[in-house]
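Colleague: This is the structure I want to talk about, given as structure tokens.
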Amino acid sequence: MPELPEVETTKQGIKPHLEGRIITTAQVRNRKLRLPVPLNLNELCEGKHITAITRRGKYILLHMDKGYILIHLGMSGHLRIVSQTANPQKHDHVDLHINNGLALRFCDPRRFGLFIYIDENPYQHPLLAHLGPEPLSDDFNSEYLLRKAANKSQSIKSFIMDSQIVVGIGNIYAAESLFLAKIHPNTSAKKITTEEFNSLTGHIKKILESAIEAGGTTLRDFYSSDGKPGYFRFALKVYGRKNLPCLVCENKIETVVIAGRHSAFCPHCQPIIT
């Protein structure tokens, strides 16, 4: 699933082509996504100015002079900027034609994404209203996490992947951040010390910033708006490296299932706290 760096990379890629432009046509080929694409999307969007493009967590918002389009890439989706004459492929579900001869094309093979219209304040929409702070903001710090973790017996990995605690951190970047902070992913959140939270928040911020600079992580499905893969996969220390030697201590990387997700870690660098 695209995480914060992949969504931010996508936002940055489409922004120069869309911001300040006018939507001339909205073309829907398949409405059946996680939430159905509005039947009247063309009526809602035609002639609207795109005034801004922002990101909230793993969501992209197209701000128009009236209304908003909320986009989520789901498990395998991506947005591309293409010529309006480019032939659509099998999983290209929605096109927004722009008054510069280009189109924003939404592709989602597994159809877990969404492409919906919101009339009112989008930040009050149920999908956004209860999200936690952005991990790259000043609001996300060790004091905040320490306060939220009080009496939380869930694993620290599940804790930082909870979008109501902090947005945008998925399996890849949670595993990498915990490795650098030397915290076992199954450690109870309430047992993490202030010093450890200081280390963890710092590493989360650094990893996300580095991943954004590298264009995100491409393992299978993610490509940026210009069709390029993300190169942060070459910097991964533990994710996807089961049974390979740790790059720090040379012990074998192991995995443990936490909340249904395989979590990679080094048993030597990240000892479990009992």
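The backbone N, Cα and C atoms fix where each Cβ goes, and this holds for glycine too.
What you see is a predicted model, and the numbers here were worked out from it, not measured in a lab.
Sharing the feature lines straight out of Swiss-Prot:
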| type | residues | note |
| --- | --- | --- |
| ACT_SITE | P2 | active site, schiff-base intermediate with DNA |
| ACT_SITE | E3 | active site, proton donor |
| ACT_SITE | K58 | active site, proton donor |
| ACT_SITE | R261 | active site, proton donor |
| BINDING | H91, R110, K152 | DNA binding site |
| ZN_FING | 237-271 | zinc finger |
Colleague: K58 (active site, proton donor) to R261 (active site, proton donor): how many Å between their Cα atoms?
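Modeller: Here the two Cα atoms are 19 Å apart.
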Colleague: Greatest CA-CA distance (Å) over the residues H91, R110, K152 that the record ties to DNA?
Modeller: 41
Colleague: Let me know the most crowded of the recorded positions, choosing from K58, H91, K152 and counting other Cβ atoms within 10 Å.
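Modeller: That would be K58, with the highest Cβ count within 10 Å.
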Colleague: Does anything in the same chain, at least 6 positions from R261 (active site, proton donor), have a Cβ under 8 Å from its Cβ, and if so what?
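Modeller: Once residues fewer than 6 apart are set aside, R261 (active site, proton donor) is near N171.
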Colleague: On a C-alpha basis, identify the one among H91, R110, K152 that is nearest to E3 (active site, proton donor); the candidates are the binding-site residues.
Modeller: R110
Colleague: Could you tally the C-beta atoms, other than its own, that fall within 10 angstroms of the C-beta of E3 (active site, proton donor)?
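Modeller: Counting Cβ neighbours of E3 (active site, proton donor) within 10 Å gives 24.
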Colleague: Under 8 Å Cβ to Cβ from R110 (DNA binding site), same chain, six or more residues apart: give me those in sequence order, or none if nothing qualifies.
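Modeller: Within the chain, R110 (DNA binding site) has Cβ neighbours under 8 Å at G74, M75, S76, G77.
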